[in-house]
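Pasting the relevant annotations from Swiss-Prot:
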MOTIF     9-19  motif ''HIGH' region'
BINDING   CYS98, CYS100, CYS125, ASP127  Zn(2+) binding site
MOTIF     236-240  motif ''KMSKS' region'
BINDING   LYS239  ATP binding site
Amino acid sequence: MTVKTRFAPSPTGFLHVGGARTALYSWLYARANQGEFVLRIEDTDLERSTPEACAAILEGMEWLNLNWDEGPYYQTKRFDRYNEIIVQMLEQGTAYKCYCSRERIDTMREEQAAKGEQQKYDGCCRDKAPRDTDEPFVVRFKNPTEGSVVFDDHVRGHIEFANSTLDDLIIARTEGTPTYNFCVVVDDWDMGITCVVRGEDHINNTPRQINILKALGAPVPEYAHVSMILGDDGAKLSKRHGAVGVMQYRDDGYLPEALLNYLVRLGWSHGDQEVFSIDEMKQFFSLDDINKAASAFNTDKLIWLNQHYIKELDPEYVASHLEWHMADQNIDTSNGPKLSEVVSALSERAKTLKELAASSRYFFEDFAEFDETAAKKHLRGVALEPLTLFQSKLAGLNEWTLEAIHQAIEDTAAELEVGMGKVGMPLRVAVTGAGMSPAVDLTIFLVGKVRAEQRISKAIEFVANRINS
């Protein structure tokens, strides 16, 4: 049997980290078992579902590279199929029309609450013949009243619900639209889903859905209900903890590999290993290894992973993600070094791509003035001679190579009988406008000969004016 999983978000908001982790687990289980992964949009909540939210979900999935084999399917395009099954169930007696008014239902629940009883439908219309009337009605599933629903969850183990505790679920509303729990069942059946991976908040839906599947004569899939994600203070994850949409992490400068690596470890482990490539995730992932305890979101750990991937991934690939941030910060990269070279130069210190982009601006644009602190320390009178001598050596270079630039710096220091720092630091401030950069020879090489000469001239003028003032 081919393993087939699905991710079925509701387009009522962005794809948040909890949903992304569920999608990742479902995707990994399919990929680890040479199976198929289905994307389904559960948009039956017509009031809250929006095209913008749907687009955000698809964009998030694509950015994470969680590719799907089928879909996206939309529940709103399958209403005819749901209604077909509802008619079939009414004819077979596994569903019935309920004419109880909202007032009667509310009164019934109030009385049950006053008696300390479980609040559920009392079956008033369960065994009555359908009325030949225009009265409004809902359609309810005729849930078994005896026995139990039993299933073995990949994460939570053996779970059992007594049928006597389950309601006769509404499967079609008064206006005829099918309900969430019913649509899910028909979709999972029609799409051949063999394993449902979802959040623990769906556990109470599972026995109801299993009973509907059995009433339809449909196979029952396996289930894996994963725990919620908490903030580092133990409270349910919210925006103040960083529970933002997946694309916000892109905007903040995270690589998809870092977020995926972080999310897979939020509840799953393989020994003591912390860093996993996508191929390693597929190789080692198992639903049975997911921890049933809730996991705490730790932004520092995510930042650490992001730093790792910025340094370790192919600079060309990292540069492809950096392009968005350069454009977002209005940095024109058409006149400057290759972005992959910038990534190689700056990756050691960058925590995020957003930070990397901001720190690379001097490679592509001239700066208005020198950093005050750096200039005060390094563009003093003693810097005039090394800057002037190096500029003359720079002008005489026959080839623009890293080695030639490095040799020019060494020769300048040797001729002046000073340490490399006495030459390198003034040059760094001159060429970048600041006191921090990659190795000064590499920085000058990437800035380019014309820009480097212009900026050193500017620094010489700055120092001369300082001497004369």
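Including glycine, each Cβ sits where the backbone N, Cα and C put it.
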DSSP helix, strand and coil counts for the motif ''HIGH' region' (9-19)?
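Its residues fall into 3 helix, 1 strand, 7 coil.
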For CYS98 (Zn(2+) binding site), which of the three DSSP-derived states applies: helix, strand, or coil?
strand
Take the motif ''KMSKS' region' (236-240) and average the pLDDT across it for me.
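Averaged over the motif ''KMSKS' region' (236-240), the predicted model reaches a pLDDT of 68.
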Give the number of CB atoms, excluding that of CYS100 (Zn(2+) binding site) itself, located within 10 Å of its CB.
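The answer is 15.
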Near the Cβ of CYS125 (Zn(2+) binding site), how many other Cβ atoms are there if near means within 10 Å?
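Counting Cβ neighbours of CYS125 (Zn(2+) binding site) within 10 Å gives 19.
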Please list, in sequence order, every residue of the chain apart from CYS98, CYS100, CYS125, ASP127 whose Cβ lies within 8 Å of the Cβ centroid of the Zn(2+) site.
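Once CYS98, CYS100, CYS125, ASP127 are set aside, the remaining close residues are TYR96, LYS97, TYR99, TYR121, GLY123, CYS124, ARG126, LYS128, ARG140.
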